[in-house]
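Have a look at the structure below, then the notes.
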Amino acid sequence: MNPFVIHTGLVAPLDRVNVDTDAIIPKQFLKRIERSGFGQFLFYEWRFNVDGSPIDSFILNTPAYKDSTVLLARNNFGCGSSREHAPWALLDYGFRCVIAPSFADIFYNNCFKNGILPIKLSEEQVDELFLRTQSRENYELTIDLEQQVVRDSDGLSYPFEVDPYRRYCLLNGLDDIGITLQYEDKIAAYEANR
Amino acid sequence: MKPRTMFEKIWDNHVIHEEAGKPSLLYIDLHLVHEVTSPQAFEGLRLAGRKVRRPELTFATMDHNVPTADRFNIKDPISRQQMETLTDNCREFGITLADLNSPDQGIVHVIGPELGLTHPGKTIVCGDSHTSTHGAFGALAFGIGTSEVEHVLATQCLPQLKPKTMEVRVNGDLPFGVSAKDLILAIIAKYGTDFATGYVVEYTGEAIRKLTMEERMTVCNMTIEGGARAGLIAPDQTTFDYLQGRRYVPQGEDFLAAVEAWKELCTDEGATYDTCVEIDAAAIEPQVTWGTSPGMGTNITSTVPDPEAFETTAQRKAAQDALAYMDLAPGTPMSEIKIDRVFIGSCTNGRIEDLRKAAEVAKGRKVSPSVHAMVVPGSQAVKQLAEQEGLHLIFQEAGFDWRESGCSMCLAMNPDILSEGERCASTSNRNFEGRQGRGGRTHLVSPEMAAAAAIAGRFVDVREWKRESASEEVFQ
């Protein structure tokens, strides 16, 4: 997993509540047995017509947001299916960070396993970011996980909370299976008494 | 000792290692595996040179991709490859697999309880959000992503942050003709799709105690649609009666000992939850969803809401988007909404009792000529039992398509899929845009409501039909 320390990138606003993982990566693309290559299918049914041509009105098809790496979203982002294909698709497409007022649990957790930082900000702060994204060209945010702060070049600075252990793993790009296996003695002892 | 909730007891029983500022390491008693969320996990094991730590605590089946008409004729080569990959992985790593040839095959959350793999007090995970189903037995059961599937395969453990606890107390009795599906849909409609995010919900109250195991599974199944990490219902005699004699349940003396241990799991008197909500069961009516999120639902006697009536800008916009997608006008009575398709099945409502209830409504009636309706049993065992009881004949005579077991049109990964613009009454769990097929429009309902809609060609208040048949029986 790639570590996440500090990241500056273009922000794409996705102004919908309850964006579910079926929308992020529709089921017809879950049949692959690889972890890679899902970015082309991200938000597929919002991005493409039935004939495969792009839907111009969708935010990621707007040329200005083509190279965005930070996704700005609304409440309960990532709800529904547990499919980790959702963060795989976001990452493969180029997103390193999703900002929203709230996330569904499984999706939130899956992000950290894949080097994506999901950030919870208040609804007011998210509203302000939507306003700035939509009213300025090439609006960028810098996300500093070490300092736990989101900043823009106009002096905006929003601190955010993140579980310290998840932060530690993301900063260092740690494989947590390896960490668990350090407790082999304890696992074996538990199993002996089960 | 401080009084504890059921969740705390199960949690404490499974903590292997705790350290301030870190997630707790939990032992996992049962890991259920299916073909869609596991291939990358097995590949991860191979790349790291790891084995499956406890293959005997792991059980696999194939359900998501399975065709339900001609199950051995898998035309989609990528679906076939995914299923073959599961077969190869189970063989390589020594995991029991209920494949298409097995009488045990079925939707993973239907077969776990059916085979008796699901017990009170267990920790159960699966790479599937509807793992919450197993909470109906008083097991701590939750969905995980593929990285965590790999983690459990390799270590039989999972690092977890401790969720908070919520009591959802359902007072009183569910009225005549109102089902467990209506109860959970009404709860989500009232409190929203994220009311339980970060919580494990324990359902309590008289209405819950009176539910059968299959009804409890319906409630816990859809608890994830309220955002919860898991749903829990304390085990009682109903639970023990369901489990007794099933294949993977202890037998004889061992069963009696297990029951004594399971009884200890219930929440202690005086234990407190982080938050509580109370519901009056008597006020619940049959539900139909009108939108593209499971929380967008209402009573069958009500109308499609006006987006302007919602409180916040975000809610108004969500309702507008949903009605545009669903092609519904505000103020339309729910009972005037016409449908094209009916799907009875899924891990929410694909069990034998669900099929019995739907068959009761379908018996002696005919599916509307404008509707295509199908019944997809949740497992081969459900199918076999239904056929022993003659339910398939009732459905077939009424004009329903009787299918083989699988997830089917709940998520439409197999050939069972809605066409653009088709409207479906579905007993499944999600009415998301495109969930049952691109441009397809899903209305979530109970099995009884789905069967009645198939016959009427539109939504109807199934209570009226039930009252009629009840009074006919009295006069006969």
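Even glycines carry a Cβ here, placed using N, Cα and C.
Owing to the predicted nature of the structure, the values given are computational and were not obtained by experimental measurement.
In the shown protein chains, 29 other C-beta atoms lie within 10 A of the C-beta of B:Cys347 ([4Fe-4S] cluster binding site). Residues or ranges marked as [4Fe-4S] cluster binding site in TrEMBL: B:Cys347, B:Cys407, B:Cys410.
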Practice item. Check each residue in the chain of B:Cys410 ([4Fe-4S] cluster binding site) that is at least six apart in sequence and keep those whose C-beta is under 8 Å from its C-beta; list them in sequence order. Key: B:Phe343, B:Gly345, B:Ser346, B:Cys347, B:Thr348, B:Ser426, B:Ser428, B:Asn429, B:Arg430, B:Gln436
Check your understanding: Given the recorded [4Fe-4S] cluster site (B:Cys347, B:Cys407, B:Cys410), which additional residues of the same chain have their Cβ within 8 Å of the Cβ centre, ordered by sequence?
Key -> B:Asp63, B:His64, B:Ile107, B:His109, B:His130, B:Gly345, B:Ser346, B:Thr348, B:Gly350, B:Gly378, B:Gly406, B:Ser408, B:Leu411, B:Ser428, B:Asn429
**Study point:** Surrounding CB atoms that lie within 10 Å of the CB of B:Cys407 ([4Fe-4S] cluster binding site), all protein chains
**Key:** 33
Exercise for review: Name the secondary structure element type, per DSSP in three states, that contains B:Cys410 ([4Fe-4S] cluster binding site).
Suggested key: helix
Review point. Three-state secondary structure of B:Cys347 ([4Fe-4S] cluster binding site) from DSSP?
Key: helix
